[in-house]
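Asks: Structure in structure tokens, see below.
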Amino acid sequence: GSDEQPTTADGRKQVTLTLNWVPYGEHAPFYYGLKKGYYEAEGIELEIKPGGGSGKTIQAVAQQQTDFGWADTPPMLKAIATGMKVKSVGVFLQKGPTSIEFLADKGISKPADLKGKTVGGTPGDAIYATFPAWLKANGLAETDVKVVNLDAAGKVAALAEGRVDAIQGFFHDQAPTIEAKTGKKVDYLLYADWGMNMLGTGIVVNDATLSKDPDLVKAFVRATQKSWADAAKDIPGATDAMAELAENEPAKDVLVKQLTLAVPLLDVAPGAAPGVNPPTKWTETIDLMSRYADLKDAGGPEKYWDSGYTNQG
Amino acid sequence: MTSTTTGTAVDLTNLTVRFQSKRSRTTAVQDVTLRAEPGEFVTIVGPSGCGKSTLLKVVAGLVRPTAGTVSLLGQAVTRPQREIGFVFQRAALLEWRGARRNILLQAEMRGLDRKLAARRADELIELTGLTGFEQALPHELSGGMQQRVALCRALLHQPRVLLMDEPFGALDALTREQLNTELNRIWRETGTTILLVTHSIAEAVFLGTRVEVMSPRPGRIVRTLPVDLPAERGYAQVMSDPRFDRLATEIRELLGAGANH
Amino acid sequence: MTSTTTGTAVDLTNLTVRFQSKRSRTTAVQDVTLRAEPGEFVTIVGPSGCGKSTLLKVVAGLVRPTAGTVSLLGQAVTRPQREIGFVFQRAALLEWRGARRNILLQAEMRGLDRKLAARRADELIELTGLTGFEQALPHELSGGMQQRVALCRALLHQPRVLLMDEPFGALDALTREQLNTELNRIWRETGTTILLVTHSIAEAVFLGTRVEVMSPRPGRIVRTLPVDLPAERGYAQVMSDPRFDRLATEIRELLGAGANH
Amino acid sequence: MSDRTIDDGVDLAAPITAAPPAGSPDADATGPRTPPDQLGPPARRGLGNRLARLAEAIWRPALLLAALVSVWWFVAAREYVPNYLVPTPGQVWTTMVDQWSFLLRNTYVTLYETVIGFVLAALLGLGTAILIAYSPTMEKAIYPIVLFAQVIPKIAIAPLLVVWFGVGFTPKIVLAVLIAFFPVVISGVAGLRSTDPELIDLAATMGAGPWKTFRRIRFPNALPHLMSGLKVAVTLAVVGAVVGEFVGADEGLGYVLLLANGNLDAALLFADLFLMSLIGIVLFVVVEVAEALLIPWHASRRSGVPLTTS
Amino acid sequence: MSDRTIDDGVDLAAPITAAPPAGSPDADATGPRTPPDQLGPPARRGLGNRLARLAEAIWRPALLLAALVSVWWFVAAREYVPNYLVPTPGQVWTTMVDQWSFLLRNTYVTLYETVIGFVLAALLGLGTAILIAYSPTMEKAIYPIVLFAQVIPKIAIAPLLVVWFGVGFTPKIVLAVLIAFFPVVISGVAGLRSTDPELIDLAATMGAGPWKTFRRIRFPNALPHLMSGLKVAVTLAVVGAVVGEFVGADEGLGYVLLLANGNLDAALLFADLFLMSLIGIVLFVVVEVAEALLIPWHASRRSGVPLTTS
Ligand SMILES: Nc1ncnc2c1ncn2[C@@H]1O[C@H](COP(=O)(O)OP(=O)(O)OP(=O)(O)O)[C@@H](O)[C@H]1O
Ligand SMILES: Nc1ncnc2c1ncn2[C@@H]1O[C@H](COP(=O)(O)OP(=O)(O)OP(=O)(O)O)[C@@H](O)[C@H]1O
Ligand SMILES: [Mg+2]
Ligand SMILES: [Mg+2]
């Protein structure tokens, strides 16, 4: 976060990327890019740091404690609304991984089946805030489902232990983990499949970095787009790279499952590269957030997103 | 007060007590044999540090002797004794209790009748001149007043055996005389067995039926002097008795001192 | 030792001290006027609780009088005084220090020369018969030994004014005599002004150039008795002096006591 | 000994603010510790005087508070720190006023959990301290468990507690107890052990059993120590309750904190923190008042200046 | 007074395990407190005896530990609690062995932060306690700040600390200090205030200034109290460091905890908790040993049985 981007001996720029969470399968493409030298080719010496939730990652970017952040979109909208000087330069998971997860033997296959059930959620996050709206969109009343407040770690244990019938979360991260640990099959209902799509994780940058070193941002996004595009085609290679380069990542089979579930979420338009967003998706997300999650003075996508850094194709 | 064991009230045989501290070993008491029959009043004099306090604590079961046997009221002493009243050398008052409540501690600990104990406490307060200071906390009392509170506490339950470690040391001549006379009366009326340590030779003779004189550390008993004075004694009368003078002089000589305080 | 103020060593004029505790008010000292010239040895006797300790603390600047003026070595006392040595009624030892280090506290606090202080401490230990107990912690010492440690501590720095509150109360006759004689010698050799509280009438007369007799609480001075004995005194000699007997008897009568301890 | 003579014009019914503390250098430097007996005119000893002394007692903390708020206001208003991190006092005030019933309700919940947790921790802690102080066998057996329970970060085991105890009051109270327990044990053991051996001897010659010796000697003697532990414990109990609410709750100040964090609502966050602190401070002062009532005899209190914030 | 006579066959060089504690009812119930002077044969006083006493000292905690592990193993192996919540001892052991260098590195980081934080907290806490105990003015000014700093949940202000101090060691150490500070202050104040007024009088007549009175009288007198506070503080410092690592770190046991939680890796979680506890216990024992060396004279220690876990 200093004024001059530090460089290595051979002139490459030292750059940090803070993830949204501790490493899981969704992050494999970054390691793949590292391994394949995509970042190096752009003159970037990349260091990947684990995160502790999208909110914290966005804050670290806002404070210039890290150069790039990998973070979820709804909290980023909130952060910008409260005054943080950050922007998205491209959301990669355009189909939100937001979902309701439950053990397969619960016999739930559509939102209506949640009637009378208890659902664990974490107050303060976007899934929690939009849950009533999602229920409504699927013909249920807010009172049809009992929401139990739990923190991130508590949610998973509570689900596995049957203390709640379902939990709110990111299916592509949690479901494979729970299955691997408990041996119980986990199923899920995606918000996006049931009438409510919000953008997922993408790259967040500080406004200062954008104005100071746009070329670096462009180079980083380019390398990331390439990494994702190639990793999507080489899932075993990507997870291998991650297993090699990351520390304390989940077990190999879990990684593979997580990445396999993540790739379809890229939701790339035909011919487009990963990370290229149609403005309509932004408007939809902003609209949903301002209606249900108390996003004030929402404004248009340009307030949150700068499309000028992605390589369209 | 409860059990009615007969036999010797206090019986110390070949008692030796050694203390071990980090660097040194001290023999406080060496081979002491001392017996007190029920109703006897034994006074103990001896140089500072010769083991007098230790001796009393052994009798009370608070210090286990290194060698020798101890028995109290006919029973071997293996644990702290409760048939006694103990006046410690320091007043050992509870700093959070007023004078009267410090005295009544004795009754509370023993579960004595409250009303009776309160009455007796008030009598003792009156007797020792503490009236007006019933509520005063220890730090608000003078040294002599603290000592008197401790005295009252030890007398409250009319114990069968009284162990007193310089109970009048911090008192002026008059108060001392008055309390000596009172103690003499109490002893005669109740038949309590008393072991009393004192530095005042006059007091030792005035009070005791027998005076035990100890040597410097390691403390042994160098002489046992029976006091052949009548049980009921008045100060003026005793002081002018030639037997008193003889005894006092003998003790003084045994202790190596010349003057008469 | 440092400043050379002249005039009266201790000067109390119309001194009154009242204590206020939660429930009651006690007048400890009432309208006391007392003067000590440099080199005087004033002994104070009086009934328990009459305000003797309070008086000494006023002189030391530890208790502010309710009325009256106090000055020490010609200067008004408005704060704790350091030109003094104080023997408290309780030994007031630091429980974490051995006997010798308790004595040396005086030197450390005053920043005296270490070597010199250590030598003097050893002399005093020898003098008071504490040899062999230099390292013993207070709880490993007998009552009298603790008192002797406190005494050594007050003598260590050879103060210009010594305030002693029953410094020999817990000592046996012989030790007391010896230390009395030593104190007499020290006083003669150093010219220290001494105020000493005691319950022993013999000690008051033997040591003092003047005996102040106090009344029961509220303490007033009822009589000032000059002691017309030579400065250098031996115990045997003084005891057999008729002037001693006369004085002792007079004090005894003033205190209302009959016997001679 | 020589502590108190009659103070100059001091209201005798309220002796706790009488003199400077015994032996504090402040006092040492200026004169003997005990002021002269010159009773002021009766007028000064009534209501007016009480008010004057109240003012005297609180003007310093009040000034300090004012200074802190000014600095805060200055920093926030000038945006030296961005408002999404540190809101202005005005924003916090508005939030408090607007949402007072919501905040009050949640404050009540946390207060309730804290108080229950603290009381249980005090009782359990004292009980454990007694076992440890009295029996070397128990000490060797219990101490490791107690220590282990203390050093495990509570936030790490909170999810397990939810699994075991559900999401009601229980896990919050359990956490408050777990977190507040240790200082009580440590100070209780230290206090019970520090009894003058001669007083124990005294009790023994009175034939007092362990219970009576405890009740009348060891326990009162341990109180000054114990109160230190309780003061630490009561502030920790608040933390325990809040951490419990982080993990699984739909009410309480910890839950409000999560909401505020999630919505990046700094004003609500600060209002919430303010209320948490307030609970802690109020309970701490309650313990201090209890201390002043329970151990007025102790040297630390004799001085007359109580260890309070007011 | 009457504490120690020569113990039966006890190695005199190591008096700390000599007799049952003075006045403990255990001892009261069985006889006078001080055992007789019958020195055992010299053989018993050498190495063999030392070992025997070591064994005597640790068999109870060892047994307890064994029992705990057995229960744990039984519960986990039989899956009374699912393994993803409570792993078997074997799984934890395997994790420890497999990842020992990773765990060691992170343990070192947390240990480092904890120790620095604790030492700073002890120094600052003592300094603050001195100011408060000595000056009523300071007390009124400082106490509210200290109290306020204590009652604010640290986990809530941790993000602010990261903003202000970055993501290095600083915020973790600051958190450890903030969390460990309060018990030191409270116990320091209580200890400094509990000095016998007569000893203060004594110092005053020796012309000792505040510093000498502090160093030679008030401080040693406060030590028993203070050590209680330090024992609580050292265990809290671990918590502070770990909480700091939760918020923003890529190393340390707190970070490993996040990793383990994120991956539902119960074996790693337990190994991590074990190491955290170990740090706390080791540091606690260090403070206890310091206590035994610093205040052997205190009534609570005279008894001979130190307040340790071994
Ligand atoms: N707890 C202890 N540890 C070590 N030594 C001790 C202990 N108690 C007493 N002593 C030693 O035992 C000896 C006798 O002590 P004791 O208190 O019995 O003497 P005393 O005759 O009562 O003396 P005094 O008249 O001065 O009170 C002393 O030398 C003392 O140092
Ligand atoms: N701090 C105090 N608070 C209240 N009252 C006190 C205080 N100190 C002393 N007194 C009272 O003042 C009176 C005189 O006490 P002082 O200690 O001066 O007596 P004394 O002459 O030394 O007695 P003794 O010979 O018994 O030591 C006593 O009645 C005592 O209760
Ligand atoms: Mg004795
Ligand atoms: Mg006195």
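Cβ atoms are placed via backbone N, Cα and C, with glycine included.
Please treat TrEMBL annotations as automatic predictions, because they have not gone through curation.
The region 'Disordered' annotation in TrEMBL covers D:1-44. What TrEMBL records for D:17-32 is compositional bias 'Low complexity'. Feature annotation from TrEMBL assigns transmembrane segment to D:57-75, D:115-134, D:141-167, D:173-192, D:222-247, D:267-294. Annotation comment: TrEMBL describes D:107-287 as domain 'ABC transmembrane type-1'.
Describe the structural context of each listed feature in the structure shown, including burial, neighbouring residues and relevant distances.
Replies: Residues 128, 131-132, 174-175, 178-179, 181-182, 185, 240, 243-244, 246-250 of the same chain sit 6 or more residues outside the transmembrane segment (D:141-167) yet have a Cβ under 8 Å from a Cβ within it.
Sequence-distant contacts of the transmembrane segment (D:222-247) (same chain, at least 6 residues past either end, Cβ-Cβ under 8 Å): 110, 113-115, 117-118, 121-122, 125-126, 154-155, 158-159, 161-162, 171-181, 183-188, 190-192, 194-195, 253-255, 257-258, 276, 279-280, 283-284, 286-288, 290-291, 294-295, 298, 300.
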Asks: Go through the chain and flag residues at least 6 beyond the ends of the transmembrane segment (D:267-294) whose CB is under 8 A from any CB in it; none is fine as an answer.
Replies: 16, 86-87, 91-92, 94-96, 99, 103, 106-107, 110-111, 114-115, 118, 223, 227, 230-231, 234-235, 237-238, 242, 253, 256-257, 259-261, 301, 306-310
Asks: Six or more residues out from either end of the transmembrane segment (D:115-134), which same-chain residues have a Cβ under 8 Å from its Cβ atoms?
Replies: 142-143, 146, 169, 172-177, 179-189, 191-193, 210, 214, 218, 226, 229-230, 233-234, 237, 240-241, 283
Asks: Residues of the same chain, at least six outside the transmembrane segment (D:173-192), with any C-beta under 8 angstroms of its C-beta?
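Replies: Residues 113-114, 116-118, 120-122, 124-126, 128-130, 132-134, 146, 149-150, 154, 158, 161, 165, 218-219, 221-230, 232-234, 236-241, 243-244.
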